[in-house]
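In what follows, a single structure is set out as structure tokens and then discussed.
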């Protein structure tokens with residue numbers, strides 16, 4: 001018979017399973033759960049109270065690799081730098097002192113080299129020649145008149161000694177002789193003036209040089225003082241270099257210099273230093289003599305380096321070793337026997353050839369950081385780079 005068709009024991013009045021055995025089973029399960037919870041709580045407290053493991057020692061910061069150089073004494077040679085325009089050493093302006101004459105010959109062109117005494121321009125000499133002849137004739141006439149007056153004076157003087165001539169006549173002869181002498185001097189002066197005017201019809205080169213400008217035309221009638229040409233005396237050129245005022249004190253005539261025009265380098269020499277400085281630019285002019293055949297022309301722009309005078313050796317460090325901290329120049333020194341740098345504040349002087357003069361703050365031979373100084377601070381650990 002199927003199970004669902006069997007009679008229910010309770011319904012049939014059969015006795016049920018005893019309840020105390022089931023209650024004990026639940027009590028045992030609850031006690032086990034309490035024991036497990038208590039054990040977990042004790043284990044958690046024990047772990048929290050345990051001291052933490054000792055922390056690992058802090059790793060030292062990595063060392064920066066640097067290059068060292070010793071502070072040493074050497075002569076600093078910082079050239080003074082300037083630039084400016086090429087000009088003539090002396091540019092002579094030639095013209096004429098006479099006027100109203102026509103130009104009949106021009107014996108030069110711009111850029112020509114001329115010699116002292118060479119005829120550059122010739123004016124029509126016809127009128128001055130005639131004036132000179134007229135003045136010479138007047139001078140001859142005055143000389144003859146003077147001779148007559150002097151002869152009359154001599155005769156009157158001889159008669160006056162024998163009292164055969166009145167004193168008044170003697171005085172007249174003396175006055176006539178003086179007037180004749182004065183007229184002769186005037187005639188002579190007019191002749192010399194005419195000769196000078198004739199000489200002015202030839203414009204001569206006052207010195208050797210190069211014609212830099214021509215402003216006279218053949219056939220033109222010139223006026224007194226009119227410019228005809230310009231001449232660079234002896235063909236000498238110079239560079240008027242503008243140099244900062246702080247560099248002028250170390251520049252003197254005779255110092256060597258170098259002039260640069262494009263890729264060309266030309267030796268030069270200081271001729272003079274201008275006594276004034278431009279108030280707006282604080283630049284002074286240094287005149288540099290250029291050699292003959294330099295190839296430069298007036299008006300060209302060029303740059304110059306003026307070699308400084310010899311100075312005593314100074315304590316120096318490389319320029320890249322000097323950095324600024326709080327606005328002051330410092331270097332980093334690596335003392336012997338340590339790998340930690342020390343910061344030194346410096347008093348610096350001149351700069352040149354990539355070196356900085358040290359006036360105070362460093363001793364000769366001390367090792368300073370040259371490569372990598374900009375990344376350091378006081379006490380940093382460093383590692384010295386191996387040599388090449």
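Every residue gets a Cβ built from N, Cα and C, even glycine.
Per TrEMBL, these features apply:
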- 26-44: transmembrane segment (TRANSMEM)
- 103-227: domain 'Multidrug resistance protein MdtA-like barrel-sandwich hybrid' (DOMAIN)
- 159-204: coiled coil (COILED)
- 239-308: domain 'CusB-like beta-barrel' (DOMAIN)
- 315-373: domain 'CzcB-like C-terminal circularly permuted SH3-like' (DOMAIN)
Three-state composition of the domain 'CusB-like beta-barrel' (239-308), taking helix and strand from DSSP:
4 helix, 39 strand, 27 coil
Across the whole of the coiled coil (159-204), what does the mean pLDDT come to? Round it, please.
86
List the helix, strand and coil residue totals of the domain 'Multidrug resistance protein MdtA-like barrel-sandwich hybrid' (103-227) as derived from DSSP.
69 helix, 23 strand, 33 coil
How many helix, strand and coil residues does the domain 'CzcB-like C-terminal circularly permuted SH3-like' (315-373) contain under DSSP?
4 helix, 35 strand, 20 coil
